[in-house]
Amino acid sequence: MTFYKRKLNETEQLNPQEFDNNNMELVCVKDFERQAFAKLEKNTLDYYKSGAGEQFTLEQNRAAFRRLRLRPRILRNVSQLDISCRILDEQLKWPMGIAPSAMQKMAHPDGEIGNARAAGKAGAIYILSTLSNTSLEDVAAAAPNTCKWFQLYIYKERHLTEQLVRRVERAGFKALVLTVDAPVFGNRRADVRNKFSLPDHLNLANFEGELANVTTMGGSGIYEYVTNQFDPSITWQDISWLKQLTSLPIVLKGVLTAEDAVLAREFGVDGIIVSNHGARQLDSVPASIEALPEVAKAVGNDMLVMFDGGIMEGNDIFKAIALGAKVVFLGRPALYALAHNGQQGVEEMLEILRKDFETTMALMGCPSFEDITPAMVVHEKTFMKL
Ligand SMILES: Cc1cc2nc3c(=O)[nH]c(=O)nc-3n(C[C@H](O)[C@H](O)[C@H](O)COP(=O)(O)O)c2cc1C
């Protein structure tokens, strides 16, 4: 366990009763977030923490979990818990993964390799972003025992995407995760104000030349990169194109409605991730956890439904599973733990979260996932029937 001595930041000074221990032991995901907030420089922290627009959905991604009440069952022998699972033919120690996030070396030199190795040690999935600071081949070589998936964007120059797919296959990644909620880039105001660009010593390591650079032309450099390079004309026909290109399982990331989940099933994808991209794309969409039930009801019996957005505690993982997710992913928490202490920070954070999830399973009276029922999670509005 890590003990830390540091100055209180601005938020903490405003709420001293919450943060009265300067030698804070890190015991929950939120603690890692506080450390990262105190440590990261503005360009990076703003890029990591921001949502789109007014950041209404960003706030809701976490707030919506708190509107859900748990109804635990008692006296059900929870001395032996089984939280392992099999996802797309891979055995996991628990239903956990690290979501793809761009440019992880801005958090810490361990970057993508640190996160991938920590995921492997924790028995979780690691999804590498197309926009990584470490090449997919280097991540594959450094974390051979991690279950790795690759997140794909479709470039206007289709041959770039094709080349990526071939490299991903050769490097032994087990699935392609196509991000479908970013035909254009969300409007993140802090990045525009900061004129976000990648620090000079880093690049987008899957590419060469101008495709490897994120520099500002006057606004947010990442917005400009995506606008220039990614194809906003993609449609469901491109799922068919991708399917004939590769035999890897295809997962769509960024599904928020029953209608699109049904289409995803019709187009034969292998799984979907209910996600609003960490509230970074379209503001005012529902919190991910609010969108999960309609998607799971529509396709959950015959398709792999996964989830990300706002997960901070074991309780959140339980709620997402009860509402239909088979696996959940962490975005920012992994970046913040990485910023705190590299690979070791992520290992510690995942260990804390797994134990917290086990505690929830036991206190809910659920020794296995079969014991979880939808009736165990109730919205606060319908909880008290008077
Ligand atoms: C800094 C940052 C960068 C991200 N980059 C990508 C990306 O390159 N591709 C992608 O599909 N999603 C990306 N995401 C979205 C995450 O995969 C994930 O959907 C989201 O972070 C989950 O919400 P959470 O941060 O509340 O856990 C990014 C998220 C963050 C915070």
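Residue positions begin at 1 at the first shown residue.
Glycine residues also receive a Cβ, built from the backbone N, Cα and C atoms like all the rest.
Listed features, source TrEMBL:
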- His277: active site, proton acceptor (ACT_SITE)
- Tyr47, Tyr153, Arg188, His277, Arg280: glyoxylate binding site (BINDING)
- Pro100, Ser101, Ala102, Ser129, Gln151, Thr179, Lys253, Ser275, Gly331, Arg332: FMN binding site (BINDING)
- 21-382: domain 'FMN hydroxy acid dehydrogenase' (DOMAIN)
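Here the features listed in TrEMBL are painted onto the structure.
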residue : record                       : Cβ within 10 Å
Tyr47   : glyoxylate binding site      : 24
Pro100  : FMN binding site             : 26
Ala102  : FMN binding site             : 22
Gln151  : FMN binding site             : 24
Tyr153  : glyoxylate binding site      : 21
Arg188  : glyoxylate binding site      : 25
Lys253  : FMN binding site             : 25
His277  : active site, proton acceptor : 25
Arg280  : glyoxylate binding site      : 25
Gly331  : FMN binding site             : 23
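Within 10 Å of Gly331 (FMN binding site), judged by CA to CA distance, lie the following recorded positions from the set Tyr47, Tyr153, His277: His277. As a whole number, the greatest separation of Cα atoms within the FMN-binding residue list Pro100, Ser101, Ala102, Ser129, Gln151, Thr179, Lys253, Ser275, Gly331, Arg332 is 17 Å.
On a Cα basis, Tyr47 (glyoxylate binding site) lies 10 Å away from Ala102 (FMN binding site). DSSP classifies Tyr47 (glyoxylate binding site) as helix under the three-state reduction.
Only Pro100, Ala102, Gln151, His277, Gly331, of the recorded positions Pro100, Ala102, Gln151, Tyr153, His277, Gly331, place a Cβ under 6 Å from an atom of ligand 1. Of all the binding-site residues given, namely Tyr47, Gln151, Lys253, those whose Cα is no farther than the 10 Å limit from the Cα of His277 (active site, proton acceptor) are Lys253. Between the C-alpha atoms of Gln151 (FMN binding site) and Tyr47 (glyoxylate binding site), the distance comes to 19 Å.
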